[in-house]
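Written out below as structure tokens is the structure these notes cover.
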Amino acid sequence: MLFIIRARACGGDARSWKQPDQLHPILFTNLRLPLQLIASSAGGATDHNVDNTTGMLQEWLAAVGRDYATVVWKSEDEARSYPDEQGPKHWTRERHQFLMELKQEALAFARDWGADYILFADTDNILTNNQTLRLLIDRQLPVVAPMLDSQTYYSNFWCGITPQGYYRRTAEYFPTKNRQRQGCFRVPMVHSTFLVSLQTEETARLAFYPPHPNYTWPFDDIIVFAYACQAAGVSVHVCNDHRYGYMNVGVKPHQGLEEEKTNFIHLILEALVDGPPMMASAHVSRPPKKPSKMGFDEVFVISLARRPQRRARMLSSLWEMEISARVVDAVDGRTLNSSILKHLGVDLLPGYQDPYSGRTLTKGEVGCFLSHYSIWEEVVAKGLARVVVFEDDVRFEDNFRKRLERLMEDVLTQKLSWDLIYLGRKQVNPEEEVAVEGLPGLVVAGYSYWTLAYTLSLAGARKLLASQPLHRMLPVDEFLPVMFDRHPNDQYKAHFWPRDLQAFSARPLLASPTHYAGDTEWLSDTETSSPWDDDSGRLISWTGSQKTLRGPYLHLAGSSGHSLHPHPRDEL
């Protein structure tokens with residue numbers, strides 16, 4: 001078998017096949033062939049390098065090259081650009097031709113070597129399933145691709161193609177992409193990562209370059225190969241019956257490597273939530289990270305000690321974004337009893353009921369409130385001018401860090417007086433919210449649910465503590481709207497004065513929950529909890545509240561909850 005890695009060059013002012021060099025340590029992790037294979041060969045080609053791509057490839061080959069029967073290494077270290085390119089990510093005709101020639105060279109080598117199969121894989125395609133090759137080979141199909149997930153609706157296959165070789169929308173795409181139908185399906189095109197069987201007469205006629213003599217479609221490597229398959233009568237399939245891995249959404253021609261790096265970081269974060277996560281290879285050195293607090297005095301992460309997986313995921317996400325944070329052990333509602341609550345001075349706000357289920361306060365909600373309250377106390381005690389507070393179930397939107405930094409810079413420039421800014425929440429009446437003049441990314445916050453992510457000023461923390469909320473407690477996400485006087489229940493508001501918290505919200509939002517009620521992985525330590533004054537230890541799953549449902553008013557940046565722009569080859 002011949003195993004081909006198409007490693008694109010990357011970094012700084014690199015040209016042609018460019019990917020940020022931080023992709024490579026992750027790409028290399030699972031590129032190990034099944035031990036059952038008798039012989040294998042690894043091949044790699046890079047060009048247009050001005051960063052450490054070549055060094056990283058050589059480092060990886062030095063560690064694992066002995067595992068392969070043959071290693072073919074081709075490197076062109078001279079950096080160069082194409083005369084008519086608009087930017088480092090612009091695919092010119094010359095670039096497409098160069099890529100097709102390299103693919104053809106790899107295909108010819110595989111045939112000469114007597115290989116049974118050849119696997120092509122782009123460096124921004126991450127195979128997290130180490131059984132991918134075995135699963136594809138067992139299908140016994142001439143050309144087959146593992147369906148890869150991405151941050152948007154983009155994937156590595158087309159369900160339809162026009163007679164002129166352009167993309168055609170079909171009714172089958174979304175059910176396939178979303179795995180509403182599972183299996184292996186015949187499609188007109190696969191690209192980026194796919195396996196080609198070299199054991200049939202039909203596939204012997206396949207070629208990347210030169211194009212077929214009758215070829216009149218667009219000059220693009222993936223379309224040229226799709227036409228070659230069609231002309232040779234070779235069926236093409238995509239399989240989505242397993243989670244195989246991920247692919248990064250491409251950037252626009254005028255954008256550069258920094259934007260692609262940002263996209264890839266977001267892909268890593270999505271994989272941490274949805275799984276399986278991407279693991280960096282031990283055989284490749286990763287570029288160093290320099291985490292900071294983004295100009296805040298502190299970044300807090302509230303996390304229960306008995307939820308280590310959620311904590312680890314959150315810290316990994318922040319690390320990938322180079323955000324330095326401190327974990328605050330959340331107060332566990334399961335450890336609370338009446339005597340502890342009495343000692344803390346905790347009492348229920350008279351008349352409080354959940355707005356949907358009608359239940360009373362739960363111990364989980366008490367623990368959540370006390371966790372946030374302890375941070376407010378620390379902010380005041382240490383005189384911290386501004387902080388960020390995260391809960392440990394945050395799904396970050398694309399380019400979270402830069403967007404937050406830009407938002408805070410704009411707030412400072414406009415000299416906005418603020419106490420609290422929601423970064424993630426569930427809006428109840430978004431149509432009533434007013435945009436802040438001079439700050440297009442900010443609105444005056446209305447009644448909202450959730451406290452999964454927000455910024456807080458010293459003045460805001462002082463106002464929250466001054467209201468003495470422990471003596472008349474309600475859930476923290478109900479308390480905050482009371483304090484900025486936007487809660488619809490006047491009886492609740494009557495217990496607090498003044499209600500002058502200056503609260504705003506990012507729009508579009510920068511964060512959302514990792515999961516919602518009804519999702520397979522959803523869990524809640526506030527909804528699955530005993531009533532606040534019940535010491536029996538019984539856990540009740542409260543299903544009546546709609547706060548944790550996936551609501552229509554999230555107002556994230558994209559219709560799917562993601563803010564990345566569709567790729568030209570995207571379904572959208």
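Every residue gets a Cβ built from N, Cα and C, even glycine.
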(request) May I ask you to indicate which of 65-68, 513-516, 569-572 is given in Swiss-Prot as motif 'Prevents secretion from ER'? (result) 569-572
(request) Could you say whether, by DSSP, Asn214 (N-linked glycosylation site) belongs to a helix, a strand or a coil region? (result) coil
(request) Return the residue, from the listed glycosylation sites Asn214, Asn337, with the maximum count of other C-beta atoms within 10 angstroms of its C-beta. (result) Asn337
